[in-house]
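Contents: one structure, followed by commentary.
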Amino acid sequence: MESTGGPYLNTAALTSPVGIARLLQMTFGCTTFSLVAHQGGFSAAYGTFCMFVWTFCFAITVFIITCEFTHLHSCLSLSWGNFTAAFAMLATLMSITAAVIYPLYFVQVGCYPIGCEVRDFRIAASIFAGLLFVTYATEVFLTRAKPGQVTSYMATISGLLKIVQAFVACIIFGALVNDSQYGKYVATQWCVAVYSFCFVVTVVVVAFSVTGKTALLWFPFERSVVIYTFGAVLLYMSAAVIWPVFCFDSKYGSPRRPGLCAKGKCPWDSQLVIAIFTYVNLLLYVLDLAYSQRIRFVSHL
């Protein structure tokens, strides 16, 4: 009997270096959340976030492996190269965050009061969480654009930086809602508007790239992205000046952490986090602008 299954299956999706990295991602992700769910345990917002990261990344990785092995991705209205590159970068950021948060809040040296068995499960889960991050970072390394290579936009340094920018903005938003008192001054409200505007436009750029709809726009997408990135640099420069002045200058705020501030519920702490990540995102947008001068957009790969 003549075989009909061979031509329809892509074995390279499992045997290539990227395919092997994805199989390891699936294995380590499943192991991590299984250890936590079985005996390690999790609680509060931090634990829930970690479990979400591991289950979400596992589900999407299984979806990607299935689609590439069966060629099902050719039936989807997605720019597959952009989608996988964007997810790999996002999963890298999410997995390293979970790999830091879980042991920080749930792992301890002694057995009391949780018991030695629970402690060992949590240590094992933390180890596999670290390995999970390594495998996603490896995929980003393997699939990133090489000099002179024609590839998807999200696989370029500029495209990967878009994911990091959006992720850093989410950290800023988390600090903003944690009693940052940003509504006290119009100037700090302007900073919030800057963070929100840049986040939304960055997400739109990623969405158009992943869906492969850039060619349908009536304006040149690549030129618009470069112009937006330049504008984002200017906007973040203003926020990088305004936010520290209105939060840490003695005329408007406090240059030092108030002694009576409760740990975890101090507006000054949130303001400091926002200031730090404002400078981080400013640097990311500057790097993005520099790299965007050296790439050409490919939306259909």
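Cβ atoms are placed via backbone N, Cα and C, with glycine included.
Copied from TrEMBL, the annotated features are:
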| type | residues | note |
| --- | --- | --- |
| DOMAIN | 13-148 | domain 'MARVEL' |
| DOMAIN | 153-297 | domain 'MARVEL' |
| TRANSMEM | 44-66 | transmembrane segment |
| TRANSMEM | 78-101 | transmembrane segment |
| TRANSMEM | 121-142 | transmembrane segment |
| TRANSMEM | 154-177 | transmembrane segment |
| TRANSMEM | 192-218 | transmembrane segment |
| TRANSMEM | 225-246 | transmembrane segment |
| TRANSMEM | 272-291 | transmembrane segment |
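Taken as a whole, the domain 'MARVEL' (13-148) shows an average pLDDT of 94 in this prediction. Each of 121-142, 192-218, 225-246, 272-291 was scored by its Cβ pairs under 8 Å to the transmembrane segment (154-177), and the highest score goes to 272-291. Helix, strand and coil counts from DSSP across the domain 'MARVEL' (13-148) read 113 helix, 0 strand, 23 coil.
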